Amino acid sequence: MCAPGYHRFWFHWGLLLLLLLEAPLRGLALPPIRYSHAGICPNDMNPNLWVDAQSTCKRECETDQECETYEKCCPNVCGTKSCVAARYMDVKGKKGPVGMPKEATCDHFMCLQQGSECDIWDGQPVCKCKDRCEKEPSFTCASDGLTYYNRCFMDAEACSKGITLSVVTCRYHFTWPNTSPPPPETTVHPTTASPETLGLDMAAPALLNHPVHQSVTVGETVSFLCDVVGRPRPELTWEKQLEDRENVVMRPNHVRGNVVVTNIAQLVIYNVQPQDAGIYTCTARNVAGVLRADFPLSVVRGGQARATSESSLNGTAFPATECLKPPDSEDCGEEQTRWHFDAQANNCLTFTFGHCHHNLNHFETYEACMLACMSGPLAICSLPALQGPCKAYVPRWAYNSQTGLCQSFVYGGCEGNGNNFESREACEESCPFPRGNQHCRACKPRQKLVTSFCRSDFVILGRVSELTEEQDSGRALVTVDEVLKDEKMGLKFLGREPLEVTLLHVDWTCPCPNVTVGETPLIIMGEVDGGMAMLRPDSFVGASSTRRVRKLREVMYKKTCDVLKDFLGLQ
């Protein structure tokens with residue numbers, strides 16, 4: 001039997017030995033490896049290949065570990081990062097992520113995501129989205145409501161979004177009623193007419209669904225889809241109706257700031273800001289005609305949507321006279337995008353509100369403006385031709401505000417609008433306004449403020465003191481307050497004498513430009529011929545405001561017209 005001290009001795013030596021062995025292991029602990037998924041971000045491959053161009057910027061991430069194995073955490077157009085499908089460059093010598101086993105194969109390695117395929121990256125099998133598709137067309141209708149060039153493109157889209165898409169039966173749209181037996185109601189591959197028959201079988205663009213007003217909170221993402229049919233297939237463009245500026249036309253695959261037009265001509269606005277509010281217009285064109293559809297967008301700050309909704313339903317009648325007042329554009333401090341009712345356009349439009357509160361014609365949202373001021377029916381002649389989702393396919397007529405003519409279109413039989421007439425005669429009887437009714441359309445200058453300024457021979461601020469009507473022309477005496485531009489008349493020598501301006505080609509039942517006698521200061525832009533000041537129906541004549549005048553002074557100071565000379569074709 002061993003003595004008790006013997007056991008105690010070996011116990012202490014054992015503890016000491018364990019401590020000595022553990023200390024080096026602690027010192028040799030490896031630093032943590034920052035794991036990175038295979039591949040590179042799309043905008044590292046091509047600066048113009050923006051991430052997340054058709055999704056919602058909601059799949060935010062900080063590192064690759066938060067994403068699927070076939071994805072990377074990449075910067076997006078919203079200023080954050082999103083999980084998106086990785087891209088690959090076929091360049092020898094590129095190194096992949098560290099710490100992965102080599103000499104692996106794709107045998108027995110399955111990629112579960114639709115549209116992904118196995119690839120070896122630095123000896124490691126990984127799943128990546130297909131980056132090449134065959135060029136042969138086989139139009140495929142998918143469960144997301146879109147039509148893809150072929151099945152491969154549908155699978156690639158599903159992979160890039162991390163979703164599942166399935167093939168669905170395509171909707172077949174007749175372009176015109178036909179006396180021959182109708183084709184099958186549905187077909188997987190839509191048939192197309194040969195080029196030789198296009199001249200005999202054409203249809204102007206028509207909408208399938210009503211344009212909808214959307215109201216979103218700051219920071220959200222919103223999209224508009226202009227669902228249009230026609231033969232031949234219409235070309236689509238988007239533009240925002242801008243105040244005193246030329247509209248910027250955007251085509252498919254176009255990015256401008258936080259606004260993207262996708263390859264299917266869907267308008268997407270990311271990280272919406274207050275200044276993004278307004279009316280976005282879709283224009284569809286083909287050889288048979290043109291169509292314009294307006295999509296209003298209201299932007300409210302967080303917590304403001306409920307207050308706006310409640311205030312519009314509080315039962316208080318809005319004074320009708322306030323709706324007829326011009327927008328309050330004076331600058332009294334903070335500027336904000338608001339909506340005002342335009343009586344001539346019979347619609348609500350955006351403007352820059354300067355918080356002067358000279359009148360009540362300013363609203364937070366398009367809906368609040370329409371509820372307060374749209375007491376009468378909507379001007380049906382300004383509505384786009386609407387085919388609707390049904391398939392009765394009957395010929396109808398609609399007034400086209402772009403061409404000023406009534407044109408034929410195909411009506412599906414349901415969910416149409418008021419711009420729908422059974423005959424050309426009925427259409428012409430009602431549009432552009434009912435005969436015998438003296439309501440006139442709003443006068444529209446050919447160009448916006450800056451372009452009109454650069455193209456005009458003279459620009460003055462003044463008030464009309466006298467107006468003389470003649471058969472198809474007229475004369476106006478204008479008291480000039482200030483001369484902003486004068487290239488051919490020498491107005492600085494005029495002194496306080498009124499300037500005589502000749503009005504050309506005037507229809508006095510609905511005169512344009514709308515020159516009226518009064519004390520309201522106007523901005524008048526016109527041409528000079530033989531020393532005579534002249535205004536045409538599309539000349540710019542508008543109410544003077546601090547903001548407009550400030551803009552024109554800025555154009556003069558910066559010599560903007562010299563920069564635009566080549567683009568505008570000025571001499």
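Positions of Cβ are set from backbone N, Cα and C atoms, glycine also.
Per Swiss-Prot, the features are as follows:
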DISULFID  CYS41-CYS74  disulfide bond
DISULFID  CYS57-CYS78  disulfide bond
DISULFID  CYS61-CYS73  disulfide bond
DISULFID  CYS67-CYS83  disulfide bond
DISULFID  CYS133-CYS152  disulfide bond
DISULFID  CYS141-CYS170  disulfide bond
DOMAIN    205-298  domain 'Ig-like C2-type'
DISULFID  CYS226-CYS282  disulfide bond
CARBOHYD  ASN314  N-linked glycosylation site
DISULFID  CYS323-CYS373  disulfide bond
DISULFID  CYS348-CYS369  disulfide bond
DOMAIN    381-431  domain 'BPTI/Kunitz inhibitor 2'
DISULFID  CYS390-CYS414  disulfide bond
DISULFID  CYS406-CYS427  disulfide bond
DISULFID  CYS443-CYS512  disulfide bond
CARBOHYD  ASN514  N-linked glycosylation site
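Features recorded in Swiss-Prot, as mapped to the structure shown.
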{"residue": "CYS61", "record": "disulfide bond", "contacts (Cβ under 8 Å, 6+ apart)": "CYS67, CYS73, LYS81, SER82, CYS83"}
{"residue": "CYS133", "record": "disulfide bond", "contacts (Cβ under 8 Å, 6+ apart)": "TYR149, ASN150, CYS152, PHE153, ALA156"}
{"residue": "CYS282", "record": "disulfide bond", "contacts (Cβ under 8 Å, 6+ apart)": "PRO211, PHE224, CYS226, VAL228, LEU236, THR237, TRP238, ALA265, LEU267, ARG292, ALA293, PHE295"}
{"residue": "CYS390", "record": "disulfide bond", "contacts (Cβ under 8 Å, 6+ apart)": "GLY412, GLY413, CYS414, GLU415"}
{"residue": "CYS406", "record": "disulfide bond", "contacts (Cβ under 8 Å, 6+ apart)": "TRP397, ALA398, TYR399, ASN400, PHE421, ARG424, CYS427, GLU428, CYS431"}
Mean predicted confidence [pLDDT] for the domain 'BPTI/Kunitz inhibitor 2' (381-431): 85
Number of other Cβ atoms within 10 Å of the Cβ of CYS369 (disulfide bond) across all protein chains: 27
Other CB atoms, at most 10 A from the CB of CYS512 (disulfide bond): 21
Between CYS141 (disulfide bond) and CYS323 (disulfide bond): CA-CA distance (Å): 46
Secondary structure content of the domain 'Ig-like C2-type' (205-298), with strand meaning DSSP E or B: 3 helix, 51 strand, 40 coil
Tally of residues which DSSP labels helix, strand or coil - the domain 'BPTI/Kunitz inhibitor 2' (381-431): 9 helix, 16 strand, 26 coil
Proximal residue to CYS41 (disulfide bond) among recorded positions CYS369, CYS443, CYS512, ASN514 (C-alpha distance): CYS369
Cβ-Cβ distance under 8 Å to CYS348 (disulfide bond), same chain, at least six residues away: PRO296, TRP339, HIS340, PHE341, ASP342, PHE363, TYR366, CYS369, MET370, CYS373, MET374
CYS443 (disulfide bond) and ASN514 (N-linked glycosylation site), Cα-Cα, nearest whole angstrom: 7
Position of peak Cβ density within 10 Å, selected from the disulfide-bonded residues CYS83, CYS141, CYS226, CYS323: CYS226
CYS78 (disulfide bond) versus disulfide-bonded residues CYS141, CYS443, CYS512 - nearest by Cα: CYS141
DSSP-derived structure type at CYS373 (disulfide bond), helix or strand or else coil: helix
